[in-house]
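> Here's a structure for you.
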């Protein structure tokens with residue numbers, strides 16, 4: 001059989017990292033990324049890129065933890081290399097604070113991040129409205145640089161990238177032996193997934209180089225995440241809202257909430273507003289499927305629906321998707337060798 005051809009639909013962090021994992025684990029495979037948008041115009045470009053997991057109610061915790069561990073280990077190695085600055089990946093320490101002690105004082109990911117511990121009374125004095133907190137060190141991806149770094153890695157491994165709107169996965173069956181669907185919120189229309197819905201996120205990117213520590217309210221709504229060049233202030237979680245237009249009232253609300261946690265932000269300069277639609281569902285859709293029409297079959301692997309947690313698990317889910325692609329290719333090669341017999 002000639003080198004199998006695989007198309008990955010979508011060029012956000014999930015699509016690019018999945019394409020890279022396929023290229024790394026299926027060396028005899030020809031991989032192409034097809035997307036209507038590339039960086040800086042993807043949902044991933046708006047993301048804060050902090051590795052603090054979001055919990056998926058429909059996915060077993062041990063699976064989520066594995067995805068997070070693999071992602072953390074992968075990015076930690078990059079942060080410890082000469083490519084850290086180009087890839088936009090760095091360690092950042094800080095606090096997650098709660099107005100009341102949470103039921104779960106030790107989240108499932110507490111032993112994956114570095115130095116996780118309860119905050120001391122002295123540290124909590126910084127947050128007079130909060131009664132409990134956790135201190136730890138985690139990783140942050142500055143998103144546009146990380147996406148560009150992934151694209152560069154893909155080109156170096158021979159992966160092709162084309163701007164193309166795919167309206168139906170079946171349209172790819174004559175050109176490719178298999179397709180990977182990493183279309184994010186676009187999967188709702190692309191494969192008719194009614195379980196997928198947008199959660200609108202509005203964030204501010206500001207110049208405040210004196211802010212070195214992350215601060216996150218335990219409800220996950222208000223957060224301050226320092227990047228290499230800009231600090232991301234958030235946020236919103238507006239379920240079923242499709243609007244990509246920044247809302248000035250929301251901008252003021254986010255800024256005021258963040259200044260309550262970190263008053264020095266009143267001096268922040270050069271405020272830029274970004275909006276993205278998180279592709280959300282009860283659990284990530286990560287599975288194989290075979291589409292068939294008139295006796296012709298097209299193997300598909302789905303990897304989408306990561307919601308607010310895409311960056312925290314992107315490498316783990318990409319590895320799993322690449323493993324499923326490997327299974328599809330093995331099945332194709334098995335059937336073609338049987339056909340020769």
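Cβ atoms are placed via backbone N, Cα and C, with glycine included.
Keep in mind that this is a model prediction, so the values were computed, not measured.
Here TrEMBL flags 43, 44, 166 as FAD binding site. The D-dopa binding site annotation in TrEMBL covers 223, 278. Feature annotation from TrEMBL assigns domain 'FAD dependent oxidoreductase' to 5-324. As annotated by TrEMBL, signal peptide applies to 1-19.
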> Looking only at residues six or more beyond either end of the signal peptide (1-19), which have a C-beta under 8 A from one in the stretch?
26, 28-35, 37-39, 42-44, 47, 141, 143, 146-147, 150-151, 154, 159, 161, 166, 169, 172, 175-184, 186, 190, 303-304, 306, 310-311, 314-315, 317-318, 321-322, 325, 329, 332-333, 336-337
> For residue 166 (FAD binding site) and residue 278 (D-dopa binding site), what Cα-Cα distance in Å is obtained after rounding to a whole number?
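One finds 20 Å between the Cα atoms of these residues.
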> Among 43, 44, the binding-site residues in question, whose Cβ has the most other Cβ atoms within 10 Å in this structure?
44
> Give the number of CB atoms, excluding that of residue 278 (D-dopa binding site) itself, located within 10 Å of its CB.
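Residue 278 (D-dopa binding site) is surrounded by 24 other Cβ atoms within 10 Å.
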> Among the binding-site residues listed here (166, 223), identify the one with the smallest other-Cβ count within 10 Å.
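Taking 166, 223 as the binding-site residues, the minimal 10 Å Cβ count falls on 166.
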> Taking the residues 43, 44, 166, which the record names as binding FAD, find the longest CA to CA distance and state it in Å to the nearest whole number.
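Largest pairwise Cα separation, rounded: 19 Å.
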